[in-house]
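The structure appears below as structure tokens.
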């Protein structure tokens, strides 16, 4: 049970080091990243919904991935921006900390489940194109997305519940810009070895449960693409899969550092650097990764801009 320590009711987010002037510069940079992230991912969701050329499983999954990117950055960045404007440390109450950590982990878990599904979708499209529409039909896609969302949110209930049954009596200063799990474990005066081991096993299950199908499917995809006789066909297939692979490398690399370690408090002081990759950089890059290398999306964007210009003229 929670004890009556100040850390059990509120925490102080240490945020970023540096002067007030540096904080204002960082605020401008991250605010720009946040706006571009919101606009870019919203545009992807809109064109996937309205453009008939993008009515396929690949773009259906991409629309949901963009929604998840908006959520994960919105859970973290507004709080971080507010902290950059305030002098000193930022106070966050226990209830807000619980909600933030749960939503962050739940959305992240959902995203990895969806990335695994996207890898399987690309495998079927490249390696079994004649049966693609039969296997990846609308019912299958809706079911996969629903399972990903439900799994992501249900899977993180127990880990977050356990985190806030610990007693935080060492300190209530979190060396991060949000309620980071590794930092919270460092502040606990309980013996957290067993808890950390269970959290490690759960992280391994989520990340490798998604990463292994991704690696296997990409291996099959590459071997299939290399058998395509025309160079233009190979180039087009590689371009389609490269965007997904780029997103996978950034996302998995960051989260493997953050969560796949037996002792969660190990190197926890560097978590804020990698957390920036997950919550700021990856959602920012997502629209560029999936649009600049995709001819269909570029054409849909171009036509959408033309229609908007015509509406304004009229």
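FYI, residue positions are counted from 1 along the chain as it appears here.
Cβ coordinates are placed from backbone N, Cα and C, and glycine is handled just like the others.
If you look up Swiss-Prot, you'll see 97-189 marked as disulfide bond, on the strength of sequence analysis. According to DSSP, residue 97 (disulfide bond) is assigned to a helical segment. Cβ neighbour count for residue 97 (disulfide bond) (all protein chains, 10 Å cutoff from its Cβ): 20.
Residues annotated as N-linked glycosylation site in Swiss-Prot, with sequence analysis given as evidence: 4 (among others).
Non-local neighbourhood of residue 190 (N-linked glycosylation site): 166, 167, each in the same chain, at least six residues away, with C-beta under 8 Å from its C-beta. The annotation N-linked glycosylation site is assigned in Swiss-Prot to 190 (among others).
Look at Swiss-Prot and you will find 1-24 (among others) tagged as topological domain 'Extracellular', backed by sequence analysis.
Note on the topological domain 'Cytoplasmic' (46-53): DSSP counts are 7 helix, 0 strand, 1 coil. Under the heading topological domain 'Cytoplasmic', Swiss-Prot lists 46-53 (among others), citing sequence analysis as support.
What Swiss-Prot records for 75-99 (among others) is topological domain 'Extracellular'. Within the chain, the topological domain 'Extracellular' (75-99) has long-range Cβ neighbours (under 8 A, six or more residues past its boundaries) at 8-16, 20, 23-24, 26-27, 30-31, 33-34, 37, 107, 160, 164, 173, 177-179, 184, 275, 279-280.
Summarising the annotation, Swiss-Prot assigns topological domain 'Cytoplasmic' to 121-139 (among others) and lists sequence analysis as the type of evidence.
Positions annotated as topological domain 'Extracellular' by Swiss-Prot, on the basis of sequence analysis: 161-197 (among others). Averaged over the topological domain 'Extracellular' (161-197), the predicted model has a pLDDT of 84.
Among the features that Swiss-Prot reports, topological domain 'Cytoplasmic' is placed at 218-237 (among others), with the record citing sequence analysis.
Under the heading topological domain 'Extracellular', Swiss-Prot lists 259-271 (among others), citing sequence analysis as support.
Per Swiss-Prot, topological domain 'Cytoplasmic' is recorded for 293-314 (among others).
The transmembrane segment feature in Swiss-Prot is assigned to 25-45 (among others); the stated evidence is sequence analysis.
Sequence-distant contacts of the transmembrane segment (54-74) (same chain, six or more residues past either end, CB-CB distance under 8 Å): 34, 37-38, 41-42, 44-45, 47-48, 103-104, 107-108, 110-111, 114-115, 117-118, 121-122, 125, 136, 140-141, 144-145, 148, 240, 247, 278-280, 282-284, 286-287, 290, 296-297, 300. The transmembrane segment feature in Swiss-Prot is assigned to 54-74 (among others).
Away from its own ends, the transmembrane segment (100-120) comes close to residues 58, 61-62, 64-65, 68-69, 71-72, 75-76, 79, 92, 144-145, 147-149, 151-153, 155-157, 159-160, 163, 178-179, 181, 184, 206-207, 209-211, 213-214, 217-218, 244, 247-248, 251-252, 255, 278-279 of its chain (Cβ-Cβ under 8 Å, at least six residues beyond either end). What Swiss-Prot records for 100-120 (among others) is transmembrane segment, and it gives sequence analysis as the kind of evidence.
What Swiss-Prot records for 140-160 (among others) is transmembrane segment.
For the transmembrane segment (198-217), the list of distant contacts is 109, 112-113, 115-116, 119-120, 122-123, 155, 159, 162, 181, 248, 252, 255-256, 259-262, 264: same-chain residues at least six beyond its ends, Cβ to Cβ under 8 Å. According to Swiss-Prot, the transmembrane segment annotation covers 198-217 (among others), on the basis of sequence analysis.
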Secondary-structure category, per DSSP, in which residue 190 (N-linked glycosylation site) falls: coil
Distant-in-sequence neighbours of the topological domain 'Cytoplasmic' (46-53), which means Cβ under 8 A and at least six residues beyond its ends: 59-60, 62-63, 66, 296-297, 299-301, 303-304
Protein Cβ atoms within 10 Å of residue 189 (disulfide bond), excluding its own: 14
Residues of the topological domain 'Cytoplasmic' (293-314) by DSSP state, where helix covers H, G and I: 19 helix, 0 strand, 3 coil
